[in-house]
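What Swiss-Prot says about this one:
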type     : residues : note
SIGNAL   : 1-19     : signal peptide
DOMAIN   : 47-179   : domain 'C-type lectin'
CARBOHYD : 58       : N-linked glycosylation site
DISULFID : 68-178   : disulfide bond
DISULFID : 151-170  : disulfide bond
């Protein structure tokens, strides 16, 4: 019986080498490499390396900015949201709409021209490289009396483009969206 086992093993070894010729096989990962995960605080939503949160609290622009600064990730404090692309503008508006579906909401952003009229800047210090003003905006409150309009909101008007921007009086009270860089795990 032992001879039979040795003979069968030798036979299978020789024939399997002929039946299945050796080839170079390279194995690639089944899944593509994923980007590094990022972390946002609880109840915040991530979009392209930043965390966002809608607050349905009616506050003046300054109160909203101060409220945002109370939240932090690492050493960074949140600010009223800055917006740098159409996609980000849509994300912010849709974030608001997902929290208050079907209810039109005007929301504060971090854009303002407090220092010099017509020279807009973001509260987080990022560049003013994108805008989506409504047709007649910014108008610095041509119709407002007596206050100027130095703070910017995403507004909803049935006659305006969805997600368009308007400069408004900073003392008006609206809900707002805060933004902060997300933590990246290395």
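For all residues, glycine too, the Cβ spot is worked out from N, Cα and C.
Neighbour counts were taken as the number of other C-beta atoms within 10 angstroms of each residue's C-beta; across the disulfide-bonded residues 151, 170, 178, the minimum falls on 170. For the residue listed as 'N-linked glycosylation site', the Cβ neighbour count at a 10 Å cut-off comes to 13, with all displayed protein chains included. Here nothing among the recorded positions 58, 151, 170 falls inside 10 Å of the CA of residue 178 (disulfide bond). Separation of the C-alpha atoms of residue 151 (disulfide bond) and the residue listed as 'N-linked glycosylation site': 15 Å, rounded to the nearest whole number. Counting in whole angstrom, residue 68 (disulfide bond) lies 16 from residue 170 (disulfide bond) by their C-alpha atoms.
Note on the domain 'C-type lectin' (47-179): mean pLDDT across this stretch is 88. On a Cα basis, residue 58 (N-linked glycosylation site) lies 12 Å away from residue 170 (disulfide bond).
Note on the domain 'C-type lectin' (47-179): DSSP counts are 23 helix, 40 strand, 70 coil. Over all protein chains present, the Cβ of residue 68 (disulfide bond) has 25 other Cβ atoms lying within 10 Å.
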